[in-house]
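S.K.: What Swiss-Prot shows for this protein is this:
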BINDING   Tyr105, Lys107, Tyr124, Asp131, Asp312  alpha-D-glucoside binding site
COMPBIAS  202-212  compositional bias 'Basic and acidic residues'
COMPBIAS  213-224  compositional bias 'Acidic residues'
COMPBIAS  225-246  compositional bias 'Basic and acidic residues'
COMPBIAS  340-380  compositional bias 'Basic and acidic residues'
COMPBIAS  381-395  compositional bias 'Acidic residues'
DISULFID  Cys101-Cys133  disulfide bond
REGION    186-250  region '4 X approximate repeats'
REGION    193-301  region 'P-domain'
REGION    202-255  region 'Disordered'
REGION    254-292  region '3 X approximate repeats'
REGION    302-395  region 'C-domain'
REGION    340-395  region 'Disordered'
Amino acid sequence: MKSLCLLAIVAVVSAEVYFKEEFNDASWEKRWVQSKHKDDFGAFKLSAGKFFDVESRDQGIQTSQDAKFYSRAAKFDKDFSNKGKTLVIQYTVKHEQGIDCGGGYVKVMRADADLGDFHGETPYNVMFGPDICGPTRRVHVILNYKGENKLIKKEITCKSDELTHLYTLILNSDNTYEVKIDGESAQTGSLEEDWDLLPAKKIKDPDAKKPEDWDEREYIDDAEDAKPEDWEKPEHIPDPDAKKPEDWDDEMDGEWEPPMIDNPEYKGEWKPKQIKNPAYKGKWIHPEIENPEYTPDDELYSYESWGAIGFDLWQVKSGTIFDNIIITDSVEEAEAHAAETFDKLKTVEKEKKEKADEETRKAEEEARKKAEEEKEAKKDDDEEEKEEEEGHDEL
């Protein structure tokens with residue numbers, strides 16, 4: 001046990017933190033560049049939201065204007081490559097407004113990104129985080145490979161409540177990855193298998209063709225089966241119980257014809273019975289060959305330059321709070337950071353929100369009861385007034 005603890009301590013001590021932002025005070029505005037790409041971007045403000053533990057620790061930057069694009073980014077202290085290393089991108093998101101449509105993701109870019117002109121088309125290495133619009137609730141993990149943005153093929157569902165949630169992306173040097181939500185694994189796999197970064201290893205043989213005599217019919221008509229002689233019956237017949245109305249005039253109404261009814265003896269279209277096809281060979285499978293266009297890449301995970309992170313978002317309803325950003329080469333360091341920030345907030349925040357929700361529910365219930373009582377009292381008053389008027393009229 002002591003050895004394991006020592007290893008954990010050594011891992012954290014030797015870890016490199018490339019970027020950390022906790023938005024503890026107003027100085028964040030000096031570090032985060034407001035894009036000038038357009039002049040009507042939405043504004044971020046410093047806020048811990050409605051429910052928090054320690055305000056200075058739990059505050060982050062919050063979107064503050066509805067139906068706005070947001071574009072703000074920050075540089076790292078130095079440019080670095082993650083070749084041969086693990087890379088961890090981690091931050092918290094709280095959709096306090098009960099978001100209906102809007103992004104909550106980050107874009108992590110090269111060091112040469114122009115933050116003053118940061119916008120939706122600015123190249124990035126990785127885009128990661130939750131995105132919600134209507135019923136769609138997904139975690140984006142988009143990797144840029146050779147100039148093209150590639151979406152993960154697996155579905156990862158994000159959280160959509162009004163509490164703070166921790167999102168973690170881990171890129172490993174063996175071309176594997178893991179996405180965590182609130183410290184729990186949400187998806188793992190291979191970069192090559194879960195993204196279309198490389199051409200397929202195998203393709204259908206263009207020279208292969210299904211043989212002309214290949215029979216894929218598992219069952220065929222029984223050639224010896226014959227239709228019974230009494231099979232053919234009309235689908236509809238005249239109703240034998242129908243009688244011509246007594247007032248029917250053939251000259252005026254035309255010749256009377258009984259209505260048609262379904263024929264109980266009708267058997268439908270005859271089809272011969274099916275038997276096993278003795279020539280059946282199964283479903284023909286197109287043979288595959290090695291794809292000459294495929295070349296393995298052991299460095300799908302690796303980018304030569306990392307140097308900036310930004311929020312490039314659209315939100316219909318504002319109120320999302322971002323906080324506790326860390327980019328490091330150590331999973332242990334990211335976990336330690338979460339323990340000092342997210343873990344200390346989540347329980348208190350949930351308890352306070354549940355208490356507030358219960359108080360709101362009780363207040364609404366009391367208001368409803370009061371409205372019903374007032375309605376009933378008014379009804380009684382109206383009835384008394386009506387009775388008095390009727391008594392006055394009798395006098």
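Cβ atoms are placed via backbone N, Cα and C, with glycine included.
Since we're looking at a predicted model, the values are computed, not measured.
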S.K.: Summarise the compositional bias 'Basic and acidic residues' (340-380) as counts of helix, strand and coil residues per DSSP.
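M.R.: Secondary-structure composition of the compositional bias 'Basic and acidic residues' (340-380): 40 helix, 0 strand, 1 coil.
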S.K.: Do any of Lys107, Tyr124, Asp131, Asp312 (binding-site residues) have a CA within 10 A of Cys101 (disulfide bond), and if so which?
M.R.: Asp131
S.K.: Given a Cβ distance threshold of under 8 angstroms, which distant residues of the chain, six or more beyond its ends, lie next to the compositional bias 'Basic and acidic residues' (202-212)?
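M.R.: Distant contacts of the compositional bias 'Basic and acidic residues' (202-212): 284, 286-291.
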S.K.: Setting Tyr105, Lys107, Tyr124, Asp131, Asp312 aside, what same-chain residues sit with their Cβ within 8 Å of the center of the Cβ atoms that define the alpha-D-glucoside site, listed in sequence order?
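M.R.: So the extra residues in range turn out to be Gly103, Val106, Met127, Phe128, Gly129, His140, Ile142, Gly310, Phe311, Leu313.
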S.K.: What is the three-state DSSP composition of the region '3 X approximate repeats' (254-292), stated as helix, strand and coil residue counts?
M.R.: 0 helix, 9 strand, 30 coil
S.K.: What residues elsewhere in the chain lie close to the region '3 X approximate repeats' (254-292), defined as a C-beta under 8 angstroms and at least 6 residues from its ends?
M.R.: 199-205, 208, 210-211, 214-223, 225, 227-228, 231, 233-240, 242, 244-245, 248
S.K.: Return only the integer: C-alpha distance in Å from Tyr105 (alpha-D-glucoside binding site) to Cys133 (disulfide bond).
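M.R.: Tyr105 (alpha-D-glucoside binding site) to Cys133 (disulfide bond), Cα-Cα distance: 13 Å.
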